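Student: This is the feature table in Swiss-Prot:
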{"type": "ACT_SITE", "residues": "C50", "note": "active site, nucleophile"}
{"type": "BINDING", "residues": "T49, C50, N51, R52, S101, E106, P107, Q108, Q112", "note": "substrate binding site"}
{"type": "BINDING", "residues": "G181, A182, G183, E184, T185, I186", "note": "NADP(+) binding site"}
{"type": "REGION", "residues": "409-432", "note": "region 'Disordered'"}
{"type": "SITE", "residues": "H91", "note": "site 'Important for activity'"}
Amino acid sequence: MTLWVLGLNHQTAPVDLRERAAFAGDALPRALESLRALPQVSEAALLSTCNRTELYAMADEAHSLVNWLETHAPGLSGHLYQHREAEAVRHLFRVATGLDSMVLGEPQILGQVKDAWAVARAHGALGSGLDRLFQQTFSVAKRARTDTRVGANPVSVASTAVRLAQDSFARLNESTVLLIGAGETIELAAKHLSEGRVRRLLIANRTLAHAQTLASQHGGFALPLTDLERHLAEADVVFSATAAREPLVTRAQVEQALRTRKRKPMLLFDLAVPRDIEASVGELGDAYLYTVDDLERAVEDNRRGRREAADQAEAIIDLQVARYVETLQATARQAPLKRLRAFGDSTRDELLAKARQQLHNGKPADEVLEQLAHALTNRLLHPPTAALRNAALNNDLELTTAADRLFPEKPGYQHPPIATPIVRTDDADPAP
């Protein structure tokens, strides 16, 4: 099986395509079950955020994975990137560290990667290969953030949106802000808004208790989602980030809110994928709509400022990828030896048990030992003998040369011992 990653993100696909590719809520476990049903796939995990959808899999080939994604959301293939083996490892390390994010070094992505791992594990989609990869990913991301400043003064999509709102409304502290949702992105927005203070903070969510908890933490007022339309006109600024499959805020609702506000401008930030606010709202004269794609341009300065720290993090990742691949290769080299030893042990145990039974039945010991020796020799030498016979017929010089080294003609000759590979398990840099 080969390690593959296939995906699309904010760099390769626009928001309308990303929202079609997203897996939200109950769709994620069902998708994992569907993936694991493919005969070419032994392990799988799905990472789905507002900026990316990625499929990690141990699979025979990538074609079946592309077809599966195309079935989920037709039209993706022209926007997909694909990595295998070492490059797939590097990609996941970079994603979890925040080096592949719209906001360079953003801290939320590591939690989202952990969530993807936890869901895949809970639904039986992970095996030892992907589980080991994700565990190493968490370790590498932690080290990169600890040893560099790539995560210093963390900037998120939510904080970038709040900063834009502050720049747009000189007196945001005199404005009413409406938050739709109660997930991590909205929690971050509420935190940044409460630090800068706003006149009134409204929080609407499908589960009222979640909105009430968030409101109590940040001095806001909780609303059931069913009251959203009634309170929309009160909002000068709207932030929305839910997992809804259909828009929660329509053009007609915003038009009505603007009439009620006597055309006083509204600023709306749609931080969700799929989108929470109908795209046509941005066509209204007094409504200013920003999506996650629009925010990419706003965070470019942040990306430049973190480039030096990112370069340091890339160096850490390069080293850790090399070590991880070295460990996998060492394990793979040991596999044939383990199979050979297991074959020898099982053959010995089987024939020895048979010989003991013969002795127990009164058969002469010399006869039993003679039969045991012949049977053991024949059983152990049959596979290599058959393989060498086929190699001679097919002119397989590689195998016959290896046999010459294993079984030299000169009696008593011994090859030098084969050194056991040293597999590094610590994170320390190699000694100079």
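Don't overthink the numbers, they just go from 1 along the chain as shown.
Cβ from N, Cα, C; glycine included.
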Student: Given a 10 Å Cβ-Cβ cut-off, pick out the one of the binding-site residues P107, G181, G183 that has the most other Cβ atoms nearby.
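Tutor: Neighbour-count leader: G181.
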Student: Least buried of the binding-site residues N51, Q112, going by other Cβ atoms within 10 Å?
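Tutor: Comparing Cβ neighbour counts within 10 Å for the binding-site residues N51, Q112 gives Q112.
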Student: Hey, how far is P107 (substrate binding site) from H91 (site 'Important for activity'), Cα to Cα, in Å?
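Tutor: One finds 17 Å between the Cα atoms of these residues.
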Student: List every residue in the same chain as A182 (NADP(+) binding site), at least 6 positions away in sequence, whose Cβ is under 8 Å from its Cβ.
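Tutor: Looking at Cβ-Cβ distances below 8 Å from A182 (NADP(+) binding site), excluding near sequence neighbours, one finds I203, N205, T207, H210, A211, T213, L214.
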Student: I need the CA-to-CA distance for G183 (NADP(+) binding site) versus Q112 (substrate binding site), whole Å please.
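Tutor: G183 (NADP(+) binding site) to Q112 (substrate binding site), Cα-Cα distance: 12 Å.
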Student: Under a three-state reading of DSSP, tell me whether A182 (NADP(+) binding site) is helix, strand or coil.
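Tutor: Reduced to three states, the DSSP call for A182 (NADP(+) binding site) is coil.
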Student: Give me the count of other Cβ atoms within 10 A of the Cβ belonging to S101 (substrate binding site).
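Tutor: Looking across every protein chain shown, the total is 25.
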